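**Student:** According to Swiss-Prot, the record shows the following:
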BINDING   Gly169, Asp170, Arg171, Lys172, Thr173, Gly174, Lys175, Thr176  ATP binding site
SITE      Ser362  site 'Required for activity'
Amino acid sequence: MKFNSDEIASVLQAEIEQFDNKIDVREVGTVLEVGDGIARVYGLSGVMAGEMVEFANGSIGLAFNLEENSVGVIILGDYLTIEEGQEVKALGTLLSVPAGDAVIGRVLDPLGNPLDGKGPVQTDITRPVEIIATGVAERKPVTEPLQTGIKAIDSMTPIGRGQRELIIGDRKTGKTAIAIDAILNQKGQGVKCFYIAIGQKDSAVASVVDVLERHGAMEYTTVIAAGASAPAPLQYVAPYAGTAMAEHFMFNGGHALVVYDDLSKQATAYRQMSLLMRRPPGREAYPGDVFYCHSRLLERSSKLSDELGGGSITSLPIIETLEGEVSAYIPTNVISITDGQIYVQPDLFFSGVRPAMNPGISVSRVGGAAQTKAMKKVSGGLRLQLAAFRALEAFAQLGTDLDPATQAELDRGYRMVELLKQPQYQPLSVAEQVISIYAGTNGHLDDVAVKEVQRFEKELLQYVHDKHSSLISDLTATPALSDEIAERIVAAVKEFKTVYKPATPAA
């Protein structure tokens with residue numbers, strides 16, 4: 001075999017000229033111990049708080065505790081195949097998730113991996129999971145309404161775009177149902193929705209996805225799921241990841257609605273991680289910074305100034321109470337962070353009042369400014385009316401004889417409570433709500449039997465759609481309730497009463 005020395009020399013010369021003297025310098029550590037979703041690593045002395053690290057099995061971790069001789073890392077993935085003595089690489093980057101239109105309609109885990117069997121998310125857009133919330137100067141007041149389609153909420157505790165409204169109550173009292181109804185009502189409103197399931201049973205998440213698909217809501221919704229079987233670090237990261245995806249739309253001038261279901265379980269996951277990391281426990285064994293864990297999350301929901309595009313994130317955090325104990329640590333923390341709360345009461349729920357919102361202690365601190373003028377006009381005295389009714393109802397139970405005026409007030413109260421009941425997954429438009437509440441507060445239901453109220457309302461709205469469709473379109477187009485429109489509502493109700501056939505006479 002003959003060698004061509006000139007050819008070998010030219011190849012060597014070309015290789016030397018093309019040689020790129022880049023050295024990939026990475027800090028490498030060693031796993032000292034691992035278990036329960038966390039690892040203690042020796043050797044990563046230059047790692048930053050929140051920096052990503054990579055384990056030998058490909059799992060990603062976050063530097064959580066920076067100690068003198070070791071680093072506490074939370075593992076965002078499979079920790080069962082990580083062993084003591086394995087190598088850990090610092091990646092020099094912060095955790096980020098995919099964002100943009102590609103995530104809409106998908107069911108993802110908190111890292112953006114698909115859970116719906118539709119393949120990876122095809123996008124080049126990513127957003128950091130943790131960012132500092134926008135400052136006061138970069139925001140504007142909440143002025144646009146975000147309609148939930150639920151009469152009791154839109155009339156008494158209205159929500160505006162950019163608001164944080166807490167939904168709080170015991171388990172199985174319809175908290176998730178309120179949030180899902182709010183998502184369903186965003187159809188055609190240009191609002192992107194994010195449902196973040198934290199510590200929920202996989203079967204419960206699957207049923208929520210099924211409801212969203214059946215009602216066509218997955219076209220504008222993303223579900224981020226960290227189920228009950230997911231490691232605590234994933235449950236902890238899930239709300240931040242979902243918010244990061246929503247921020248893409250907010251910073252591009254769009255609007256997003258984020259549901260955190262629920263933050264009690266995120267707090268429990270954070271407590272578990274902190275105790276395993278030997279952080280000192282505080283009240284109810286939660287770490288001292290659990291308030292900051294929730295405040296830095298919820299402060300990212302805002303209404304941006306016009307200079308930044310005027311986008312918004314509206315959030316509906318959910319908190320589960322035990323035996324109605326709203327004065328516990330996590331509930332009081334989140335109540336103080338949010339702009340109001342919807343308190344759902346078990347007694348109301350089991351007596352058939354659904355949604356089971358207690359109007360006495362449910363408030364919206366900033367949503368009133370966002371309420372439409374028509375809704376504000378018809379629902380102005382509704383909260384006081386219902387509060388007075390509850391007091392009268394308690395008084396009437398003593399068996400005292402009531403004068404006719406008090407009895408009439410009590411009877412109207414029963415009808416208003418019945419009117420504010422609403423079946424699940426049947427949100428109403430603002431125009432329909434205005435007609436319905438106007439008829440109730442102005443005494444047009446006083447001669448309708450209490451048991452008939454819901455049927456009367458349903459048939460009335462159908463009648464208005466069929467015979468007075470211009471009234472619906474005028475109410476939708478005009479924010480204020482003029483005297484002329486009010487007269488048309490009264491005329492439509494009176495006209496409907498002539499054709500309405502009650503099943504039972506008025507009580």
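Backbone N, Cα and C define each Cβ position, glycine as well.
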**Student:** Would you say which of the binding-site residues Lys172, Lys175 has the most Cβ atoms within 10 Å of its own Cβ?
**Tutor:** Lys175
**Student:** Between Thr173 (ATP binding site) and Ser362 (site 'Required for activity'), how far is it from one CA atom to the other, in Å?
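**Tutor:** Just about 15 Å between their Cα atoms.
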**Student:** If H, G and I count as helix, E and B as strand, and all else as coil, what does DSSP give for Thr176 (ATP binding site)?
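**Tutor:** DSSP call for Thr176 (ATP binding site): helix.
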**Student:** Using the alpha carbons only, what distance in Å do you get between Ser362 (site 'Required for activity') and Gly169 (ATP binding site) once rounded?
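**Tutor:** The separation of the Cα atoms works out to 11 Å.
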**Student:** Using other CB atoms within 10 angstroms as the count, which residue among the binding-site residues Gly169, Gly174 scores least?
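**Tutor:** Among the binding-site residues Gly169, Gly174, the sparsest Cβ neighbourhood within 10 Å belongs to Gly174.
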**Student:** Does anything in the same chain, at least 6 positions from Thr176 (ATP binding site), have a Cβ under 8 Å from its Cβ, and if so what?
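**Tutor:** Within the chain, Thr176 (ATP binding site) has Cβ neighbours under 8 Å at Val208, Asp261, Ile318.
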**Student:** With a radius of 8 angstroms around the mean position of the C-beta atoms of Gly169, Asp170, Arg171, Lys172, Thr173, Gly174, Lys175, Thr176, what other residues of the same chain does the ATP site pick up?
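**Tutor:** Here the nearby residues are Glu320, Val344, Pro346, Phe349.
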**Student:** Which residues, sitting 6 or more apart from Arg171 (ATP binding site) on the same chain, put a CB under 8 Å from its CB?
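**Tutor:** Listed in sequence order: Glu320.
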**Student:** If one looks at the chain holding Asp170 (ATP binding site), which residues at least 6 apart in sequence have a CB under 8 angstroms from its CB?
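**Tutor:** Long-range Cβ contacts: Glu320, Thr321, Leu322, Glu323, Gly324, Val344, Pro346.
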**Student:** In the structure shown, which of the recorded positions Thr173, Ser362 has the fewest other Cβ atoms within 10 Å?
**Tutor:** Ser362
